[in-house]
Each structure stands twice: as C-alpha cells, then as structure tokens.
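Would you mind keeping the following structure in view while I ask a few things?
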Amino acid sequence: MSIKNKTAVEISKMIKDRQISAVEVLEQTIQQIKEKDEKVKGFITVDEDEARKQAQIIQKGIEKGELTGPLAGVPIAIKDNIDTKGIKTTCASKILYNFVPTFDATAVKNLKEAGAIIVGKTNMDEFAMGSTSETSAFATTRNPWDLTKVPGGSSGGTCAVVASGQVSCGLGSDTGGSIRQPSSYCGVTGIKPTYGTVSRYGLIAYGSSLDQIGPVARNVADCATILETISSYDRFDSTSMKRDKYDFTSALDKDVKGMRIGIPKEYLEKGIDDEVKEAVLKAAQIMKDKGAKVEEFSLDLVDYAIPAYYIIACAEASSNLARFDGVKYGYRSKEYEGLHEMYKKSRSEGFGDEVKRRIMLGSFVLSSGYYDAYYLKALKVKRLIKEAYDKAFEKYDLILGPVAPTTAPTIGESLKDPLKMYLSDIYTISVNLAGLPAISLPCALDKNKMPIGVQFIANCFEENKMIAAGQTLEKELAENFVLDFSLV
Ligand code: GLN
C-alpha cells in the first residue's frame with residue numbers, strides 16, 4: 001500500500017486499519033526523502049536510525065491499542081530551531097552547527113506522546129531571520145513547484161518537504177509570517193496560533209514576544225489535528241496560556257453561514273500583484289456564496305507595522321542571541337587571545353550577515369539615548385495595532401487578506417535588497433504584533449503555475465472560526481484546483 005499523496009490523518013488511519021505498518025510508512029518516507037531531497041534541499045538532518053527505532057515501538061503501541069490518536073505512526077519534519085532530544089538542532093547557523101539538545105521542546109514531546117515519528121530537521125533562514133530560507137548557513141532550499149525559486153521563509157524547509165511529498169506534515173515557527181508565507185509560496189497550508197497556545201519551551205528564541213510554533217500540512221484538517229496535539233499549557237513557558245479546551249478539529253464540520261468577514265482595503269490598494277489580488281477576491285466570492293457577509297474596511301496603521309516589527313523583533317533578537325558566545329555550546333573560534341577576543345571572534349565567525357545586521361540594529365534601538373525614540377515608540381505602535389484589530393473584530397468574525405504581495409521570487413533576488421525583503425512581510429507581521437491566530441492556504445496558481453495563498457486572521461482564541469472558513473474554502477476549491485504533491 002502506498003502513502004503517496006496521503007494526508008497525516010489518512011496515513012494514521014491506514015496503519016490502524018492494518019493496511020500498512022508504521023515501519024513500512026517510515027521506509028516509504030525515507031525513500032521519498034532520498035529521491036527528492038537532493039533537489040529540494042529541505043532537510044538539514046535526517047535521523048533514519050532513531051526514526052526506525054521509534055517506528056517499531058509505535059507500531060507495537062498501536063497494535064496493543066495504546067496509541068489511538070490521529071497522528072500515531074505519522075512521520076513528521078521539524079524546523080531546525082525546535083529542540084529535539086538527541087538530534088542536532090542548528091537554527092541553520094554555523095554557531096550551532098554541532099548542538100545536540102538534551103531535551104525535547106514541549107511541542108515535540110506532545111507529538112511523540114501522540115505517536116508521531118520525528119524523521120528529521122528542516123532548513124530555514126538562520127535563526128528564523130528572513131523570508132526566503134536563503135540566509136541558512138548550510139544550503140538554499142528550493143521551491144518544489146519551480147526549483148529556481150525560493151520556498152519562502154523562514155520555515156521554507158518544512159514547507160518544501162511537505163510540498164514535494166517527502167512527508168505529509170511538519171512544524172514551523174512564525175515570528176512575523178514564517179509559517180504562513182512559505183506555506184503560500186509552496187502551495188501548502190499553515191497555521192500561526194494565538195500567542196501562548198503552543199509552548200515556546202525548546203523553541204530557540206528569535207523575538208520571544210512574537211514567536212509561535214505551528215503546523216504545516218497538505219490540508220486544513222491535518223493542520224487542525226496537529227495544532228490540537230501540540231497545544232498545551234506549559235509551566236516551563238511563562239507566556240503559556242491555560243485555555244479552556246484545546247479542540248480545533250470540531251471546527252472542521254462548521255460552515256461560514258452568517259459569518260462577517262472584512263478585507264482591509266489598504267491591502268488591495270498598492271504594492272500587490274494583480275494575480276494575488278484576484279485570488280483574494282476569488283476567496284471572498286466563495287465565502288459570499290457560502291453565506292458569509294464580506295466587505296472591505298479600513299485597517300489603521302498598516303504602514304507602521306513593518307518599522308514597529310523590525311524594531312521589536314531585532315531588539316529581542318539582540319538580547320536572545322547574546323547567549324551564543326562560544327562558551328556554553330556551539331561554535332568556538334580556533335585562535336584567540338583572551339576571553340574577550342574569544343567571544344568576539346566566535347560570534348563574528350559563527351553568525352551570518354543577516355543575523356549580525358539584526359543584532360546591530362537591535363542593540364542600537366535599545367541603547368540609552370535611542371531607546372525612547374525607537375524601541376518605546378515601537379511598543380506604543382504595537383499597542384495601537386492591537387487596538388485597531390480589536391476594533392475590527394467588534395465588527396467582523398474574520399479578516400481575509402493576501403499572505404504576501406507576490407508569489408515566490410527567484411533565488412538570489414531578495415538577498416540583493418534586504419529592505420525590499422522586509423517590506424514583503426507587510427500582510428503577516430501585524431498578526432504577530434497583536435498576538436492573533438491566522439491560517440494560510442492555497443487558493444490559486446499564477447500564470448507561471450506558482451501557488452498563491454490567502455489568509456484568514458481571527459481574534460485571539462478564535463482559531464476555530466478561521467479553521468471553519470479555511471475548510472470551506474479548501475472544499476470549494478478542491479473541484480477545480482488540485483494540488484500535485486509529487487512535483488519533484
Ligand atoms: N520575515 C520575517 C523576519 O525576517 C519573519 C520571520 C519569522 O517569522 N521568523 O523577521
């Protein structure tokens with residue numbers, strides 16, 4: 001029995017129905033990786049031996065009836081900034097090239113307890129800083145739809161290995177769009193949950209007040225299932241929220257009748273490709289046909305989201321990355337005189353250009369004399385952005401919009417102009433600044449047959465509304481928009 005083109009939930013069901021064993025599923029997965037990843041370059045590490053051991057154990061657990069959940073036996077890829085016990089976790093940086101965590105991130109622990117099998121760690125922008133996965137110290141991941149294009153970033157590796165059919169699903173992290181944007185570029189589905197829903201324990205921090213781990217998969221149902229599995233209250237993360245219930249799959253049967261959906265008119269006015277705009281309007285029409293009320297509205301402060309985000313994210317990054325000093329773990333320079341020079345050389349040689357740029361920017365905006373003018377002001381803008389969303393959610397259940405202004409750019413294009421790359425985050429970052437959940441899913445193909453995604457943004461803790469809308473859209477599109485997951 002082949003698992004080709006099967007979703008995570010389908011694979012687990014096949015195992016439970018004895019059509020295939022977890023061990024066979026893993027062997028097929030490893031085979032796919034061997035065939036495809038040389039071209040895609042989505043994985044940094046594949047741990048075949050450990051995965052094989054796990055598959056044996058999990059198969060027994062399923063046979064004994066101990067593992068009954070919807071992810072039991074499913075191989076999953078994990079972004080390389082999420083700690084995995086005994087498996088190298090590099091953040092795609094030379095400074096952590098040999099770092100092997102001694103514990104699992106809580107999200108990974110939850111997946112393992114549900115019987116999922118960690119098959120490998122995926123490429124990303126170094127420390128999740130970037131929008132193309134090109135700032136990785138190790139390799140440039142390719143977009144499976146066109147190998148000359150980027151997969152997006154920073155969770156480009158996870159999205160590319162799902163889109164190329166190497167695995168059915170994976171985890172990414174989203175600080176300013178890093179799950180949604182590469183999902184959009186690669187034609188897969190991704191969710192950024194409400195801040196505090198998935199524990200950040202074991203997620204190597206970039207911008208701690210913005211970071212969230214979330215699922216990437218082939219469809220909305222898998223994403224909802226994975227989100228349900230990885231979310232939990234965690235006392236090891238001081239920003240973890242205790243939610244009433246962690247139920248995201250019941251929303252899959254809900255419809256959008258009577259839902260009020262707003263489209264920020266600023267998002268459709270300037271800087272957006274015509275074909276992306278068309279895709280958003282097409283999604284809006286489908287929602288209308290299904291009984292939702294859709295209208296345009298004005299979302300304040302759109303122009304201020306990028307400067308505020310880059311000040312806050314870089315400020316937090318400059319502090320979070322201070323721990324990489326060549327002493328505690330990772331890379332240490334070979335030659336140095338004295339402690340100070342050891343720090344300096346280890347960091348200069350260990351970090352890439354984009355990370356250095358952000359550490360410098362972050363240190364600058366936090367320095368005395370500039371703190372009030374930049375950092376404090378950015379925090380105030382963040383507050384105002386949250387208030388603008390609060391106001392919008394008084395009127396709407398969901399906000400519908402584009403994920404990125406264009407489809408995936410060609411490899412090399414974005415590195416030439418970092419500012420242009422920052423500007424392409426326009427539709428995703430305010431969601432993180434306001435702590436909101438959002439789902440990105442494929443809606444159309446452009447004239448070059450590259451996927452275009454749209455996103456639904458919900459109010460805090462209202463993931464279920466966006467999951468219902470996403471599921472409705474996906475079902476409608478299924479008839480005329482079939483994704484091919486064996487592209488490479
Ligand atoms: N592109 C954004 C950045 O470079 C977002 C990255 C992310 O979400 N990790 O900061």
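Just so you know, glycine gets a Cβ as well, placed from its N, Cα and C.
What TrEMBL says about a protein is an automatic prediction, not a curated fact.
The active site, charge relay system annotation in TrEMBL covers Lys79, Ser154. Residues or ranges marked as active site, acyl-ester intermediate in TrEMBL: Ser178. What TrEMBL records for 24-465 is domain 'Amidase'.
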Please list the active-site residues from Lys79, Ser154, Ser178 whose Cβ falls under 6 Å of any atom in ligand 1.
Ser154, Ser178
For the domain 'Amidase' (24-465), what's the model's average pLDDT?
97
Secondary structure at Ser154 (active site, charge relay system) (DSSP, helix/strand/coil)?
coil
Give the distance between the Cα atoms of Ser154 (active site, charge relay system) and Ser178 (active site, acyl-ester intermediate), rounded to the nearest whole Å.
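If we compare the Cα positions of Ser154 (active site, charge relay system) and Ser178 (active site, acyl-ester intermediate), the gap is 5 Å.
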Measuring Cα to Cα, tell me the gap between Lys79 (active site, charge relay system) and the residue listed as 'active site, acyl-ester intermediate' in whole angstrom.
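Distance (Cα to Cα, whole Å): 11 Å.
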Tell me the Cβ contacts of Ser178 (active site, acyl-ester intermediate) under 8 Å, same chain only and six or more apart in sequence, or just say none.
Met124, Asp125, Ala128, Ser131, Gly153, Ser154, Ser155, Gly172
Lys79, Ser154: which of these active-site residues has the highest Cβ count within 10 Å of its own Cβ?
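When each Cβ's neighbours within 10 Å are tallied, Ser154 leads.
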Helix, strand or coil by DSSP: which one applies to Ser178 (active site, acyl-ester intermediate)?
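For Ser178 (active site, acyl-ester intermediate) - judged by DSSP and reduced to three states - the answer is coil.
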